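J.: What Swiss-Prot shows for this protein is this:
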type	residues	note
MOTIF	2-5	motif 'Pro/N-degron'
MOD_RES	T6	phosphothreonine
BINDING	G20, A21, A22, G23, G24, I25, G26, D57, N119, I144, S145, N146, M266	NAD(+) binding site
BINDING	R106, R112, N146, R185	substrate binding site
ACT_SITE	H215	active site, proton acceptor
Amino acid sequence: MPHSVTPSIEQDSLKIAILGAAGGIGQSLSLLLKAQLQYQLKESNRSVTHIHLALYDVNQEAINGVTADLSHIDTPISVSSHSPAGGIENCLHNASIVVIPAGVPRKPGMTRDDLFNVNAGIISQLGDSIAECCDLSKVFVLVISNPVNSLVPVMVSNILKNHPQSRNSGIERRIMGVTKLDIVRASTFLREINIESGLTPRVNSMPDVPVIGGHSGETIIPLFSQSNFLSRLNEDQLKYLIHRVQYGGDEVVKAKNGKGSATLSMAHAGYKCVVQFVSLLLGNIEQIHGTYYVPLKDANNFPIAPGADQLLPLVDGADYFAIPLTITTKGVSYVDYDIVNRMNDMERNQMLPICVSQLKKNIDKGLEFVASRSASS
């Protein structure tokens, strides 16, 4: 097949595994990566000759078609197709980055939490495969599947509890929930309302808006007070913006009449994250500064990195939180807890308590799932 890869090529490549690559997010994300990652390759980097995309999906016919289609694109990024028929092992072997958009999509009336039981089972199985096939001391795992608030705890807890080889690997520093779409939406919506209201002229730049907390409803805290985009929004406009960011996913589901969810914008957000990790692992940059949903404690129940010990009391001991991080090739190296100290009164006294209360329930749901799965196995 034209989209298979020889072992000798794989040895010299940076391998990215996309699990769920034939789905709505997976196809678009794979297209962006195939088309754009060539620009990360630099002539000065001789240790990696090229980038390889290993595309996996349970739908063999669909993933073979997607991979064949992508393989015709004129970039030096290689692609290979994988399904249960050939085994997920070939997809994950030697992968440096594993991206997971796998799972069932949202339908009308469904919240991210409604998806939990089905997607938690999928994430657990994929986590088992990652633990068995990947180098846990090096691999980065980016979880896109929803509900992120619960599924990242499922992934981390399942690997640490059920795979003894993970205990000293530091893998918990390299499993991250992708919440970038909330940041993308906050930036887009803020620029839009400022222009429509005549508060700012139309410019070809986008505002930076930090978004912390979780990735569902009121666990999402857009910090418009810390945006670099000067604004004179009134209270009603601000409330509208916050609600729109928190429930932007519902807006897309309704617009598609329940026949789809936010796939294109999520693929764009996912690409923006993956390209940073590719740049890091190629040596183009020394560290990443970005917001991800991560555990705040390591496998031994100590703070995951400097800054986590200061953040934990600020979020009432929540074990997972989306927060700006510094990330090196070893994983999370610093947690920017001070962003919470810089919140205004409304964000700190109204939004944060609601976020933390709901987030703890979401986290417990994930941990309970793993505990019950372990007990029944």
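Any Cβ shown, glycine's included, is placed from N, Cα and C.
Since we're looking at a predicted model, the values are computed, not measured.
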J.: When a 10 Å sphere is centred on the Cβ of G26 (NAD(+) binding site), how many other Cβ atoms does it contain?
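T.: Taking all protein chains shown, G26 (NAD(+) binding site) has 27 Cβ neighbours within 10 Å.
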J.: Hey, of the binding-site residues listed (G20, G24), which one tops the CB count within 10 A?
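T.: The residue with the densest Cβ neighbourhood is G20.
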J.: CB neighbours of N119 (NAD(+) binding site) within 10 A?
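T.: By my count, 23.
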J.: Mind giving me a neighbour count for the residue listed as 'active site, proton acceptor'? Other Cβ atoms within 10 Å of its Cβ, every protein chain shown.
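T.: By my count, 28.
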J.: Whole-number Å distance between the CA of H215 (active site, proton acceptor) and the CA of G24 (NAD(+) binding site)?
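T.: The separation of the Cα atoms works out to 19 Å.
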J.: For N146 (substrate binding site) and A22 (NAD(+) binding site), determine the Cα separation and express it in whole Å.
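T.: Cα to Cα, N146 (substrate binding site) and A22 (NAD(+) binding site) are separated by 17 Å.
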J.: Helix, strand or coil for G24 (NAD(+) binding site)? Use DSSP.
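T.: DSSP assigns G24 (NAD(+) binding site) to helix.
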J.: Give the sequence-ordered list of residues that share a chain with R185 (substrate binding site), lie 6 or more positions from it, and have CB atoms under 8 Å from its CB.
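T.: Correct list: R244, V245, G248, S265.
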